[in-house]
Amino acid sequence: MKTAEEIFEILKNELGEIILSIDKDTPTEPIISVEPLKIHIVSKFLRDNSELQFDSLMCLSGVDDANGKKVKDNEGYDVIEGGTLSVYYHLYSTVLKHKITLKVSAPREDAKVESVENVWKCADWHEREAYDMIGIKFLNHPDLRRILMPYDWEENSHPLRKDFKVPEFYQGMKIPY
Amino acid sequence: MGLLDKEFSDGNIVVANVEDLLNWARLSSVWQLGFGLACCAIEMMATSASHYDFDRFGLIPRNTPRQADAIIISGTVTLKMAIRIKRLYEQIPDPKYIISMGSCANSGGPYWEHGYHVLKGVDRIIPVDVYVPGCPPRPEALLEGLLKLQEKIRNESLRKKL
Amino acid sequence: MALKTETMVLNMGPQHPSTHGVLRLELEIEGELIVNVKPHLGYLHRCFEKHAEAMQYNQVIPYTDRMDYLASMGNNFGYVLAVEKLLGIQVPERVEYIRVIMAELQRIASHCVALGTNGADIGALTPFLYLFRDREYILSIIEETCGARMLYNYMWVGGLSHDIHPNFVRRTKEFTSYFKNTIVELDNLLTYNKIFIERTANIGVLPAETAINYGATGPMLRGSGIKFDLRKDDTYSIYNRFDFDIPVGQGLQGTVGDSWDRYYVRVREMEQSLRIIEQAIDQIPEGDVHSAIPKRIKPPKGTVYSRVENPRGELGYFIISDGNTNPFRVKVRAPSFVNLEILGELCKGHLIADVIAILGSIDIVLGEVDR
């Protein structure tokens, strides 16, 4: 069993610049930030290293950080420009019983993160969900389609973005109350 | 209701109004489409199981819409599901009845405000005969709704339906 | 000369009596054999996460009820634990005990539905009626205390909505002694029923390694022979004070990790839940269940990931707080969502009729899969 700081040290020594920083200020668990296009390398290392053995991905969550600037679009609605979208990975080792949280951030306009589907199979649907809800594109994902929303839902409309605007109609059905 | 008030002496022949007879037959064998949507479906299952047992009202779940007379819309209707519900409704032969069970099917329920993927009431796509309130309605409430539906069928007129 | 064959696509659901709700499966079949299964979700996507962002922390609790509607207490439990962790609240002992008892009662009720529908799907309708009878017993006990049959909104951040009803302890004790006989009855009716074993043993075998890689949890994982239960392995609340075992699949009727093993694990888990309830019910201390409820919930900036063992597996809440009265983001790691992902792998090479048996043994709740 290792603490987050020790794991961070191991990662920093082995992988160097891919690992960006560790945020210890959070009230519960520290978060290690990683380069978004190198996350699959980190994941593979975390899973296969005999000292770490993170064999299970507990949760993968896409988050709209909403840290850009708020501007009005031509119809008068608030939209967010700039800033980042993030993905949080919560890992657990069923053998060594330790946990770690990873975080990657990608620019909002063109959010691309490497897929970890080939490391942990359960990332498949989680990533599809993050794509569907937040609009993060996972590179090298085998089947990146919408999962919860209908397949013919408006392109580039992702409901969990903070500036999501509910459409008036879907297939002739009125959506707002 | 006068269905059996005229009777010949040997008891083998009953004289009745054709309208009453048809309505009585219909209301005593409302076959519902066995179809659950959300939380209310569990209460519907509980109603069909040992404690409440809605079979005694002639309500038998059928698995295909072609053999069904009624649907109980038991739960939240999402946009993705609404299209399918409409198609199921169209596949049921006439006469057909709809019981909207629970707040979500009635009006969107707790999801009325922020539910971007929830249809705010199933009556936006198909006509509803009986609304059963509750989130979820108790089995007793569903039975009450069923009795209301039977009452409605009892008072139907043949001419109006045609 | 070799015959040229083509696969056929068969649609199953979203309106189907055995998909446990509104799941749609696209089966690619060759004759009667499954080549591939593609699940399509989202027919019950009720926007939980959007609602959580728009509501205050305590207003989210009723929505958590409606995710896994067979185990609402478990959902409440997970959510309030996460928020309490964020706030740093210690709840009174009495609250802890009542929460554990409620969660375990709910686990039994949930397994009753899971086992009943699993049997009903493959033709055994009688156990379904028996199990629903016993579920009604539990619901009436819980209803007496919190006033609702299914969706309780019972556990609040820092406490409970009501104290237990004066009859609660007596009736729960009556129930535990009654239910032990029911499990024996269930074993005779279904567990060791020859036909049921024929339908489920050696069907949908899930090897342990695949289960971990797919993130399977709960009875799915334990059915594959891995002794992993969050109540013991990552203990929360006061579960470390109770003495209970973790049943695992042993391949008694076939291979370790088949559908029968998953079923069997659930039956034995009900026994262990009874054990926990029996230990806890005598120890409930006196106290006020409202004393630790904060007037205003405004957690500090930060994130928390907290998980509990729900009847279906690991239920995780990932909450990001930006220091406001509303959560910034709530992500739910729903056990059914993750467990359902394995379906394709499990069904390959089996017959169409086995898909139902496998799906029943996974025990999904669509409200939780789609949220």
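Keep in mind that glycine also has a Cβ here, set from the backbone N, Cα and C atoms.
These features come from TrEMBL:
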- B:CYS39, B:CYS40, B:CYS104, B:CYS135: [4Fe-4S] cluster binding site (BINDING)
- B:39-149: domain 'NADH:ubiquinone oxidoreductase-like 20kDa subunit' (DOMAIN)
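Other Cβ atoms within 10 Å of the Cβ of B:CYS39 ([4Fe-4S] cluster binding site), summed over all protein chains shown, number 28. If you take the C-beta of B:CYS104 ([4Fe-4S] cluster binding site) and look for same-chain residues 6 or more apart in sequence within under 8 angstroms, you find B:ALA38, B:CYS40, B:GLY75, B:THR76, B:VAL77, B:PRO110, B:TYR111, B:VAL118, B:CYS135. Counting every protein chain shown, the Cβ of B:CYS40 ([4Fe-4S] cluster binding site) has 30 other Cβ atoms within 10 Å.
Residues of the domain 'NADH:ubiquinone oxidoreductase-like 20kDa subunit' (B:39-149) grouped by DSSP class, helix first, strand second and coil last, total 53 helix, 18 strand, 40 coil. Around B:CYS135 ([4Fe-4S] cluster binding site), taking its Cβ as the centre, 18 other Cβ atoms fall within 10 Å, counting all chains.
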